[in-house]
Amino acid sequence: MTNIRKTHPLMKIVNNAFIDLPAPSNISSWWNFGSLLGICLILQILTGLFLAMHYTSDTMTAFSSVTHICRDVNYGWIIRYMHANGASMFFICLFMHVGRGLYYGSYTFLETWNIGVILLFTVMATAFVGYVLPWGQMSFWGATVITNLLSAIPYIGTNLVEWIWGGFSVDKATLTRFFAFHFILPFIIAALAMVHLLFLHETGSNNPTGIPSDADKIPFHPYYTIKDILGILLLILFLMLLVLFAPDLLGDPDNYTPANPLNTPPHIKPEWYFLFAYAILRSIPNKLGGVLALVSSILILILMPLLHTSKQRSMMFRPFSQCLFWILVADLLTLTWIGGQPVEYPFIIIGQLASVLYFLIILVLMPITSTIENNLLKW
């Protein structure tokens, strides 16, 4: 008799995705981040659900309701900090996952890659609207500044901003709709993640060499299930270390002050995971130019398959491209640091140089370097 997991309509899907899936025998720990992102999403949906049971999306009571969750609700404080720091872990895993894709040439799976980029935008949108909900100073002013950027769009900009706000400023209507968006988007992310996996399983996973691994496959279970469990345990360890020992390490102290439209904080800045894009935005003195650069900094990922000029898929055997990749990583860390600094000398010029270097590496230096490497190998 055939095993039920191979015949039952529902279990068959799970079996083909997580049990009998043929996987390359040599994928490293960089391939763990997909499963970690799945765990992060489940964790965020669960903690978010319990927070939503006690949260009120009204300007008068939002800040108080978050305080109430932390002080009066049983284990409310741990749920709240797991949700806030879970977002940080989510983005750490996301950046690692995207970095892995860039390094090993996984972007040649076009559908999987493009859905991944859409997922990245969706997660960023979710995190942004979520940051507004506690209705602290940085929530309010972050929402005001970032939504205001849409006014740079010619002709329809101002109308678009007022339409999103639901009035002439960030107010009750804005908070209510942002809560609605924040509730629905994670489920859209979950659906997109399933499509992402669907397309990945059409081609099978890439591997560190970038060479097709059809000749050497192993079953996903038990080899990679046990490997994923190790990754999940480490993820939970780091998350709980953050939650229990330094819950406010990655937050902004200004967000412990209730939102006040009459008092602007001295330094408006987003959460750490948006700082690199914020630095690129600020490095251009023109409003529309800054917005275009901001969007391009993420949208540029869609161009990666077009910019791939190497005859090899992975960077594993391409030392010059490896150097450029790690310079790009250092550049992104520099941009993250600059995004959190005040707009003054020398930070302005450092930010501008780092922004130029970011686009220069991706659009110009990487394709040229790949071509040089091809020639050196007489290809």
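The backbone N, Cα and C atoms fix where each Cβ goes, and this holds for glycine too.
As recorded in Swiss-Prot:
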TRANSMEM  33-53  transmembrane segment
TRANSMEM  77-98  transmembrane segment
BINDING   H83, H182  heme b b562 binding site
BINDING   H97, H196  heme b b566 binding site
TRANSMEM  113-133  transmembrane segment
TRANSMEM  178-198  transmembrane segment
BINDING   H201  ubiquinone binding site
TRANSMEM  226-246  transmembrane segment
TRANSMEM  288-308  transmembrane segment
TRANSMEM  320-340  transmembrane segment
TRANSMEM  347-367  transmembrane segment
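For H196 (heme b b566 binding site), the Cβ neighbour count at a 10 Å cut-off comes to 21, with all displayed protein chains included. Against the transmembrane segment (178-198), the recorded stretches 77-98, 113-133, 226-246, 320-340 differ in Cβ pairs under 8 Å, and the greatest number is found for 113-133. When Cβ-Cβ distances under 8 Å to the transmembrane segment (226-246) are tallied for each of 77-98, 113-133, 288-308, the top count falls to 77-98. Within its own chain, H182 (heme b b562 binding site) has G48, T126, V129, G130, L133 as residues 6 or more apart in sequence whose C-beta sits under 8 angstroms from its own. Taking CA atoms as the reference points, H83 (heme b b562 binding site) and H196 (heme b b566 binding site) are 24 Å apart. Annotation for H97 (heme b b566 binding site): same-chain Cβ neighbours under 8 Å, separated by at least 6 residues, are F33, G34, L37, G116. In the three-state DSSP scheme, H97 (heme b b566 binding site) falls into the helix class. Ranking the binding-site residues H83, H201 by how many Cβ atoms sit within 10 Å of each one's Cβ puts H83 at the top.
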